[in-house]
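Only one structure is covered here, and it is reproduced in the block below.
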Amino acid sequence: MNLKLFNPLILTSLTPLIGVFILLLIPSAKEKLCRNFALWISCLTFLFSLLLWIQFNSGTSFFQFSTTFLWFPFFNLYYTIGIDGISLFFILLTTLLIISCILVSWSSIQTNLKDYLICFLILEFLLIQVFSVLDLLLFYIYFESVLIPMFLIVGVWGSRQRKIRAAYQFFLYTLIGSLLMLLALLNIYFQTGTTDLQILWYIQFSEISQIFLWLSFFASFAVKIPMIPFHIWLPEAHAEAPTAGSVILAGILLKMGGYGFLRFSLPMFPVASIFFTPFIFTLSLVAIIYASLTTLRQIDLKKIIAYSSVSHMGFVTIGIFSLNIQGIEGSILLMLSHGLVSSALFLCIGVLYDRYKTRVIKYYSGLIQVMPLFGVFFLFFTFANLGFPGTSSFIGEVLVLLSSFQINKTLTLFASLGMIFGAAYSIWLFNRIIFGSLKLGYFSSFQDISRREFWILIPLAILILWMGIYPNSFLNEIHFSSVNLLELISHT
């Protein structure tokens, strides 16, 4: 056993779980205490995750803060966790956005508040494990366990009448895709006798086995991203989820599929990954163009951002399967950027919904006149969403396009069209909401963002600018892990 309790990764992992057990002891009637305690636990978890970044050695591709112990002796299964440059920032993004989720729910959740907060702390624990476990079986367990609290968040605390249908749709779509992954996992275990990721990376499966296993993993990861045509559940889940649910869904859950491709599909099944690259590129281009055009037809603000997420994740999958350093690093940066930008936009939509109880775009116009601070934030985040220079999305998209240009110039051309469509729906969105004449007939009063809402949005804005102006502070941490991934692929 190699277990150090003062390991920052152990502290980051266990803090939300300990918080759950303590929160269970607090009476449900003491809502203020429940809120404050959950907030302090989430802040403490974030501070521990910052220690990971501070102590992280960017000059190596090895897993750091590793811990291993035997958890299932009969099958010789070990519980192993550790992080590299790929997983580091996903953990940081998770711990940051959980704070935003708790703060944005401060006054909007009126029923079963303690249970709601417990769901988010459990979700935080599960997501940290997803990004840190180095065992295929453990990854699968946590990967699927995330569905349970998310199902409850959408189905119990959703904002509209179709929330139950949306929750079941989300649950069933993702579960069915993952059943194939379970069969593949069992096949791998019976072939190799292990589920240790660091051993599986160096086992050469036959080409036929790789194709079968890759497709099984693809079925699970493609639903999570989601790729066309597995995206049907996403707009409905976003439309029905509470604001915090949409933040965690867009900010973190969609990244689990991309992370799965990077951590498992590419290094374990390199031959199959190369074989299916044209297939992935085709689906990605369809996602970019179809989702961008569909976005222009939406009237629900949440569905607009949901479809734009499908388009952005199309760029991510192009970058991942470009199989070069610009593509890998660009896709990771783009996922991190999308996690910040889409979360910020959903938070802005939540600001409007909390005040006016509608997300239908036709009711909004000229808000810059009565909500100037909100208007500035919404304008900035919308520009970040379209990939404006100086924002985080710009760097990620440029790296992805550079990577695709090395492979197929036609692919790059059509992907660039997606950026043009993205600019079109982004400009249309903020022009419709922020500018124009104020529609006084629909609302009796207007209120700009509160101090609490300001402090939720400003850290996201700062990070988006930081990533856009000084991307090397992130790329340097990612680089050696990305190089190591490409070396694993090249050893076929």
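Placed from the backbone N, Cα and C atoms, the Cβ positions cover glycine too.
Remember, predicted model here, so these are calculated numbers, not experimental data.
The annotation transmembrane segment is assigned in Swiss-Prot to 9-29 (among others).
Annotation source Swiss-Prot lists transmembrane segment at 63-83 (among others). Non-local neighbours of the transmembrane segment (63-83) in the same chain are 1-4, 7-10, 13, 52, 55-57, 91, 129, 131-135, 137-138, 193-198; each lies 6+ residues outside the stretch with a CB under 8 Å from one of its CB atoms.
Distant neighbours of the transmembrane segment (86-106): 12, 16, 35, 38-39, 42-43, 45-46, 48-50, 52-53, 56, 116-117, 120-121, 123-124, 127-128, 131-132, 242-244, 247-248, 251-252, 255, 259, 262-263, 332, 335-336, 339-340, 343, 347, 350, 452-453, 455-456, 459-460, 474, 477-478, 481-482, 485; these residues of the same chain sit at least 6 beyond its ends, with a Cβ under 8 Å from one of its Cβ atoms. The transmembrane segment annotation in Swiss-Prot covers 86-106 (among others) and rests on sequence analysis.
For 115-135 (among others), the entry in Swiss-Prot reads transmembrane segment.
What Swiss-Prot records for 136-156 (among others) is transmembrane segment, and it gives sequence analysis as the kind of evidence.
Swiss-Prot lists 170-190 (among others) with the feature transmembrane segment.
Per Swiss-Prot, the feature transmembrane segment maps to 242-262 (among others). Residues 86-87, 90, 93-94, 97-98, 100-102, 104-105, 108-109, 120, 123, 127, 130-131, 139, 143, 146, 150, 153-154, 157-159, 217, 220-227, 234, 302, 305-306, 309, 313, 316-317, 320-321, 328, 331-332, 335, 338-340, 342-343, 346-347, 349-350, 353-354, 485 of the same chain, all 6+ positions outside the transmembrane segment (242-262), place their C-beta atoms under 8 angstroms from a C-beta of that stretch.
Sequence-distant contacts of the transmembrane segment (269-289) (same chain, at least 6 residues past either end, Cβ-Cβ under 8 Å): 205, 207, 210-211, 213-215, 217-218, 222, 227-228, 231, 310-311, 313-315, 317-318, 320-321, 323, 404, 408, 411, 414-415, 417-418, 421, 488-492. For 269-289 (among others), the entry in Swiss-Prot reads transmembrane segment.
Outside the transmembrane segment (304-324), and at least 6 residues removed from its termini, the chain residues within Cβ reach (under 8 Å) are 225-228, 231, 234-235, 238-239, 246, 250, 254, 257-258, 261-262, 266, 273-274, 276-277, 280-281, 283-288, 291-292, 294-295, 298, 330-331, 334-335, 338, 342, 345-346, 349, 361, 385, 393, 396-397, 399-400, 403-404, 406-407, 411, 415, 418, 421-422, 425-426, 429, 486, 489. Residues or ranges marked as transmembrane segment by Swiss-Prot: 304-324 (among others).
Swiss-Prot lists 332-352 (among others) with the feature transmembrane segment, giving sequence analysis as the kind of evidence. Outside the transmembrane segment (332-352) by six or more residues, the chain places 86, 89-90, 93, 97, 100, 104, 108, 238, 243, 246-247, 250-252, 254-255, 258-259, 262, 301-302, 305, 308-309, 312-313, 315-316, 319, 358-359, 364, 374, 377-378, 381-382, 384-385, 391-393, 395-397, 399-400, 449, 453, 456-457, 460-461, 463-464, 467, 471, 474-475, 478, 482 with a CB less than 8 A from a CB of the stretch.
According to Swiss-Prot, the transmembrane segment annotation covers 410-430 (among others).
Long-range contacts of the transmembrane segment (454-474) within the same chain: residues 89, 96, 100, 103-104, 333, 336-337, 340-341, 343-344, 347-348, 373, 377, 380-381, 384, 389-395, each at least 6 residues beyond the stretch ends and with a Cβ under 8 Å from a Cβ of the stretch. Residues annotated as transmembrane segment in Swiss-Prot: 454-474 (among others).
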